[in-house]
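Annotation source TrEMBL lists Ca(2+) 1 binding site at 52, 54, 56, 58, 63. Annotation comment: TrEMBL describes 91, 93, 95, 97 as Ca(2+) 2 binding site. Here TrEMBL flags 39-74 as domain 'EF-hand'.
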């Protein structure tokens, strides 16, 4: 499954482009711009599984660094600071990873 099976290619392009500058990533604005806030919980889980590159059932810090590339190959890598902020927002139980049930994307 591709990200464009769930989200609009145009929305993805606009959202990734809006945060192309280093240290500009804001996950709440990004997920709103990409259209996730309007999606069903099932669609949000589909996006989660696309981002879970190692199929562990969790998105770990190393996968978060490349989250924008999960939406489009043109996306940049997140900085360590941006990655840690995203992890802190989504890691509800403090185990260092984000699970599908603790989906931060709906925030």
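Positions of Cβ are set from backbone N, Cα and C atoms, glycine also.
In TrEMBL, annotation is done automatically, which means it is predicted and not curated.
Locations of recorded TrEMBL features on the structure.
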| residue | record | Cβ neighbours (10 Å) |
| --- | --- | --- |
| 52 | Ca(2+) 1 binding site | 19 |
| 54 | Ca(2+) 1 binding site | 10 |
| 56 | Ca(2+) 1 binding site | 11 |
| 58 | Ca(2+) 1 binding site | 17 |
| 63 | Ca(2+) 1 binding site | 19 |
| 91 | Ca(2+) 2 binding site | 21 |
| 93 | Ca(2+) 2 binding site | 10 |
| 95 | Ca(2+) 2 binding site | 11 |
| 97 | Ca(2+) 2 binding site | 20 |
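Checked against residue 52 (Ca(2+) 1 binding site) by C-alpha proximity, the binding-site residues 91, 93, 95, 97 yield 97 as the nearest. Rounded to a whole number, the C-alpha distance linking residue 58 (Ca(2+) 1 binding site) with residue 97 (Ca(2+) 2 binding site) is 6 angstrom. Of all the binding-site residues listed here (93, 95, 97), 97 has the Cα closest to the Cα of residue 56 (Ca(2+) 1 binding site). The binding-site residues shown are 91, 93, 95, 97; of these, the one with its CA atom nearest the CA of residue 63 (Ca(2+) 1 binding site) is 97.
On a Cα basis, residue 54 (Ca(2+) 1 binding site) lies 21 Å away from residue 93 (Ca(2+) 2 binding site). Counted with DSSP, the domain 'EF-hand' (39-74) comes out as 20 helix, 3 strand, 13 coil. Each residue in 51, 53, 55, 57, 59, 60, 97 lies on the same chain as 52, 54, 56, 58, 63 and has a C-beta within 8 Å of the C-beta centroid of that Ca(2+) 1 site, without being one of the site residues. Per-residue pLDDT, averaged across the domain 'EF-hand' (39-74), gives 94.
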